[in-house]
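According to Swiss-Prot, the protein has these features:
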type	residues	note
ACT_SITE	190	active site
ACT_SITE	192	active site, proton acceptor
ACT_SITE	288	active site, nucleophile
SIGNAL	1-21	signal peptide
């Protein structure tokens, strides 16, 4: 290597280092200091370090490049998503096996029984809304990766055990399969159902409630209004960190039409509320399928049941924890509803729950309800839809 070439190489390398260093400082440009951040308490340095790590340009570059290689070469995303056909994405919770699944299912079924008994003691009827997995409803869009054997018959097993435990659980799978001819019941890039899918489920539940005559009182009319349709980036795209360098590789966004539901006589009810404390006859408990207003499941349920519904669903905590919190709430203890709709995605049955925030003795009492002597081995019963 000649002297000139060595100098050129050294200067080029030095220029590259300076350029990369200058580029990397861009991560600090958007940092904003608050009054609580000082050099003395160390909060300023810690906050700057955290912000810089999150906004580090080279880190974003590496993340984007690595994700693009996984996506294009191996048709894979980050843990959390499974890639299907025709830009369909699925939650890996509907695919992966679970260690100790049999024991977890037995424990969760025991809790479901205990919930049913607690509600009955307060004069409330449980309606268990088992939501079929998106991967079960849209098997035609599955790719090379298939759900573990644990999930093969999970929906039917869940329903069989509910019947054996005398838990009222209307079927939602058949109505959803039939509704696919009219439109999507699950979002292509998201874990959740569409507003149409939520409406189909609500109508099926309402028909079952009506057949059993579970609601008393005068019906209340509701109306649902459709809003604008806009592109919607589903939650499963968060496991494909291709943005911003390779955003063109991302699946196209879904189209989501906003729906809102209101009482037909909303103004009259508002006036009546000044003079009367009206007890709401139905409670809804569940997951983000119920809590997120994007899907309008609450509104669809109100319109289908022709009844006001109080929503106690929570986002990000699964179906069991919100129900246990509801059973301990003053709202339930002081004014138990006639019907409690418990939205429960099937994939949560074999999942472990962190119940450390609840009294262990109370949890044990729920698990050892009056039906605890029944054998609920999931392998004992098989049914069809």
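Every residue number used here counts from 1 along the chain in the order it is shown.
Each residue, glycine too, has its Cβ placed from N, Cα and C.
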Open item on the list: In whole Å, how far does the CA atom of residue 190 (active site) lie from that of residue 288 (active site, nucleophile)?
Closed with: 12
Open item on the list: Name the residue among the active-site residues 190, 192, 288 whose Cβ has the smallest number of other Cβ atoms within 10 Å.
Closed with: 288
- [ ] Translate the DSSP assignment of the residue listed as 'active site, nucleophile' into the three-state scheme.
- [x] helix
Open item on the list: Roughly how many Å lie between the Cα atoms of residue 192 (active site, proton acceptor) and residue 288 (active site, nucleophile), rounded to a whole value?
Closed with: 8
